[in-house]
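Remarks on the structure that follows.
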Amino acid sequence: MVYGLLALLVVLLDQATKYYVVTHFALGESVPVINNVFHWTFILNRGAAFGMLEGSRWLFVLIAVAVIGGVWFMRREIAKSGVMACWGTALFAGGALGNLIDRTARGVVIDFFDFRIWPIFNVADIAICVGVGLIIWSILKTELLSSND
């Protein structure tokens, strides 16, 4: 239940920030928060994370639906994997769902966090990356503990 709420919180925060950007910025507009370090820059991403594989909208929709469905199907097994894996999976699923909403509703993903030295990204992308990191950490921790036995 808690993990489902975390995933929902990610989706709501992601969609709220994207709505703010769409309603307050012109496409391509960039507003410095910390000049030459961090800007809010409104772009449309037709690819995957950081713009990779541009123009593969339906492939990404299919992958996201399969991943979210897999998480739902495996939720009881994931719950047995420990708290870290559950938090990671919830973040990952929430991020995937947030970007899936964009991709199906708009055909593109709204991105806006711009650190100038990195591709522009959004809240869902952060949740996906942190979630994957937590899942990997959980797996490595489990492997290390089992190899010490």
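Note: Cβ is positioned from N, Cα and C throughout, glycine not excepted.
Keep in mind the model is a prediction, meaning the values are calculated, not measured.
Per TrEMBL, the stretch carrying the note transmembrane segment among 21-40, 81-100 is 81-100.
Cα to Cα, D125 (active site) and D111 (active site) are separated by 9 Å. In this view, the densest Cβ surroundings among the active-site residues D111, D125 belong to D111, judged by other Cβ atoms lying within 10 Å.
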